[in-house]
Amino acid sequence: MTTSALRRQVKNIVHNYSEAEIKVREATSNDPWGPPSSLMSEIADLTFNTVAFTEVMGMLWRRLNDSGKNWRHVYKALTLLDYLLKTGSERVAHQCRENLYTIQTLKDFQYIDRDGKDQGVNVREKVKQVMALLKDEERLRQERTHALKTKERMALEGIGIGSGQLGFSRRYGEDYSRSRGSPSSYNSSSSSPRYTSDLEQARPQTSGEEELQLQLALAMSREEAEKPVPPASHRDEDLQLQLALRLSRQEHEKEVRSWQGDGSPMANGAGAVVHHQRDREPEREERKEEEKLKTSQSSILDLADIFVPALAPPSTHCSADPWDIPGFRPNTEASGSSWGPSADPWSPIPSGTVLSRSQPWDLTPMLSSSEPWGRTPVLPAGPPTTDPWALNSPHHKLPSTGADPWGASLETSDTPGGASTFDPFAKPPESTETKEGLEQALPSGKPSSPVELDLFGDPSPSSKQNGTKEPDALDLGILGEALTQPSKEARACRTPESFLGPSASSLVNLDSLVKAPQVAKTRNPFLTGLSAPSPTNPFGAGEPGRPTLNQMRTGSPALGLAGGPVGAPLGSMTYSASLPLPLSSVPAGLTLPASVSVFPQAGAFAPQPLLPTPSSAGPRPPPPQTGTNPFL
């Protein structure tokens, strides 16, 4: 006997439970196995008794309301209730419908054990079965009929069995009951047919039952087969992926073999379709190449239509350009085209060749175009040429002469189109017109300026040519006159009345108070337009000459060094070691020329005395010795 069974027996004695209540407690115990069918059959027989029915149902409702940790009590109570609904009294179903709310609340029963397993699932599933049976009266009636028939058959089978088999069944029932410590083991002699094993009850007794069980098994297997296929697992997905990769690899290998041609096994295989496809492969390749060629040609032609004109028939001239394409000479277009005719400035143009339009980014054709080291060809009049950057007017003509930035102006004959060209890198043509232009433009043997500028020679006077004096390249006199003489329009624009109105007439005109400086007449071209220096010092003109220290000592009436004679004797003034040597003591041979009047007067900038005067400082020093050394 286990500890739990011993504890239950002690509780049964203490609480004085009846025989029906003890059997219900035994069937709904907390043991880890289900209730025995023999014990449930005894409880079902007790439900037909009114007193026992009350005791059975009372203990059963108490077990259904147990706590979560005793979930086995609840589960076994539901199992016993299901059995009583099928084999017990009809009053069991009526009382369950009256207390339907108590059973329905068990749908939310939950309990998770220490291992994290939800044990409430079993209770919730059992509640659903009981509720479905209670709500469907027709099904309940059928279940009761089938259960009663099975019970009667089992009872008749137990009575008709021989004494040997009956003894075996009795001993098996007694051992089965005693192994569980059931109190019904003491009454095994009176109820021996009821204690047959579950295996004996499940085994078919007649051929009809066996046929019925066979059909039931077939139906169950058919239901299992008709169930929908569950989704493939990750392993199945990996297998499918590998299969797809294998198939794609095989298809790729087949394509490679088909492109290889005779080297593939398909070339030797049997099949007219394969050979036909292989024969058509070169045709497809040729067709693809033709399409590619057409596409490339069309794109090149589109670019040529945009940037290059239509091709012209090959000309008969021979080009000296090593990069020139023979036969590629575009036709000329009308003068109204936005891309004017031009020629390559780097290739020589032979005589007798008609100028034709070239690429739009080339330079315009030049009449005197040639290589710097070659001979200048003479070009006949050709078709009219148009400058793409010039005006499109037919009456507009460019200047016929082009300016050479490094040489004299050259004269060129105009083309019929009126455009003149100039090559800055070409050799000047040796025509009569060019020579005349050079003779007119270049300076002649006679000087053309008042003073001919020669870096290594003396200036020579110039003469007039054609009765007029030619301007000098370095003469800035014209520019000085233009700068020093403002225009009348500028004066008119700066009058006060122009921006202040009539009220400005009362203002003082400062221009009338200040006189304009007179322009000095000089022959120096670099000082043209600049005022000459003043002959006198503007800073010392209005100030009287200050007496020097030596003049104050000697009491001389002279006020400054500038007023005294230049050749005064050296002994007329005393010498002080702390003062600079006066200009009057400088010898006459070292004096500056009289024409230099830029320096200010010496008396105006004489330094202040740094030592006290002789009257306050002490005795007078002896006079210095006279000599010719200006530094003593």
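Using the three backbone atoms N, Cα and C, a Cβ is placed for every residue, glycine included.
As given in Swiss-Prot:
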type	residues	note
COMPBIAS	179-196	compositional bias 'Low complexity'
COMPBIAS	276-294	compositional bias 'Basic and acidic residues'
COMPBIAS	353-371	compositional bias 'Polar residues'
DOMAIN	12-144	domain 'ENTH'
DOMAIN	236-255	domain 'UIM 2'
MOD_RES	S191	phosphoserine
MOD_RES	S192	phosphoserine
MOD_RES	S264	phosphoserine
REGION	172-214	region 'Disordered'
REGION	257-296	region 'Disordered'
REGION	321-406	region '5 X 3 AA repeats of [DE]-P-W'
REGION	326-501	region 'Disordered'
REGION	524-631	region '3 X 3 AA repeats of N-P-F'
REGION	525-560	region 'Disordered'
REGION	604-632	region 'Disordered'
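Per-residue confidence over the domain 'UIM 2' (236-255) averages 83 (mean pLDDT, predicted model).
Across the domain 'UIM 2' (236-255), the DSSP tally of helix, strand and coil residues reads 20 helix, 0 strand, 0 coil.
Residue counts for the domain 'ENTH' (12-144) under DSSP, split into helix (H, G, I), strand (E, B) and coil, are 99 helix, 2 strand, 32 coil.
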